[in-house]
């Protein structure tokens, strides 16, 4: 299983003091040097953490795989085509939310999505869609032409009892299996940490996990190098 590191909250910490440090690009390079297979950043419409210049510098620096999380807007489409990350992940976005709160409503926005992703793919960029682990959403992602789905693991991360965790894990496992049967590659992310990630090692269909907050929080205490290596030891 591969690890993609989200560096958004390095930028959050930097922006708290309107400073130049810590630098998300430096964090990304350290993550790559210590085994991360990809770097994730979310250029939100309000630019609350990652800024346009961060994205430009990340594109210059990242040597593995750059995943640009973004809303399905014309502005972001143009930015993606100009910047050319290896991958974009379409996510829902609300200005009042602290973090992404749920999967992309692919059923509601299906027709727009089909038109939206073609110019991106024509530019040589793969498309992933952040969705709930539900068969109908997966089916729509496949028929729209996406290459990848990222399964929303937020509800799983909030479960408390073993029974609740197992129920949600089975839901994710079933969704991952179905997605692979439809020819999609599968990523998982949101709310995963150094403890609740462990059962995901048994879901062979999930090729990568995307982790941000938990890893950056640990990096604040032990350093980015150690935080990345610790996570890689757990997932592999």
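Every residue, even glycine, has its Cβ placed from backbone N, Cα and C.
3-amino-2-oxopropyl phosphate is bound by 6, 17, 212, 213 in Swiss-Prot, and the record lists one more residue there from 154, 183, 191, which is 191.
Per-site Cβ counts within 10 Å over the binding-site residues 191, 212 peak at 212. Within 10 Å of residue 212 (3-amino-2-oxopropyl phosphate binding site), judged by CA to CA distance, lie the following recorded positions from the set 8, 9, 42, 44, 150, 190: 8, 9, 190. Among the recorded positions 42, 150, 213, the ones whose Cα sits within 10 Å of the Cα of residue 69 (active site, proton acceptor) are 42.
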